[in-house]
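So the structure is just underneath, and the comments pick up after that.
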Amino acid sequence: MKFEALIGLVLVFLSEHAGVYSAKFTFTNKCPNTVWPGTLTGGGGPQLLSTGFELASGASTSLTVQAPWSGRFWGRSHCSIDSSGKFKCSTGDCGSGQISCNGAGASPPASLVELTLATNGGQDFYDVSLVDGFNLPIKLAPRGGSGDCNSTSCAANINTVCPAELSDKGSDGSVIGCKSACLALNQPQYCCTGAYGTPDTCPPTDFSKVFKNQCPQAYSYAYDDKSSTFTCFGGPNYEITFCP
């Protein structure tokens, strides 16, 4: 089952088992250049107080998120203010024209961290997803909690091995992102739609294997759940690192 399809059901379950707890998310940028993280709350919930911010190379900052919550984080790169005064990014742009994304998601390709936070020390679900393509190496690590609580990441720079058909190039011709085959080729066998709309009929493709071989912990395509979804109990905090 796709991660997004779980959001509504999980939030309903969590609301019926309500307690109050907050998770601290610490963001660290180990990339050589500035990254502009974006945040998006799913399931129709209210957006976080910060929906986007600047994070200089070597810098760290934190956000507090109250459970239950489900949503995603990502990094934007190659950002600037254009001649009309609008803030734009070459990868991960959310189209708001501002550093804050204001409830808008990332334009692919973008490496995503996806989470569902439980209340009352329940079970959190989380993953790193490349279903929408790749732009930056990223890692998510729980701190505290109980159970498996394993970190997950895509630490490799897939841009260096991205197939030509999937490459997203910057103004200087360098590869700054790697599109999913679904986005680049728009075929049902890559998008897991139509006759390919089940796990049995939509196996990994040569393109998704490029992502999986580089980042075995991350979702490489829609039906990668078994190896790419992680869990943690007990209300952990989380660290998100760009270019770990």
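Just so it is clear, glycine is given a Cβ too, placed from its N, Cα and C backbone atoms.
As the structure is a computational prediction, the values presented were derived from the model and not from experiment.
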As recorded in Swiss-Prot, which of Cys31, Cys232, Cys243 forms the disulphide with Cys149: Cys232
Among Cys89, Cys101, cysteine joined to Cys94 by disulfide in Swiss-Prot: Cys101
CB contacts for Cys178 (disulfide bond) [other CB atoms within 10 A, all chains]: 27
Candidate with the highest Cβ count within 10 Å, taken from the disulfide-bonded residues Cys89, Cys154, Cys232, Cys243: Cys154
Rounded Cα-Cα span from Cys101 (disulfide bond) to Cys89 (disulfide bond), Å: 12
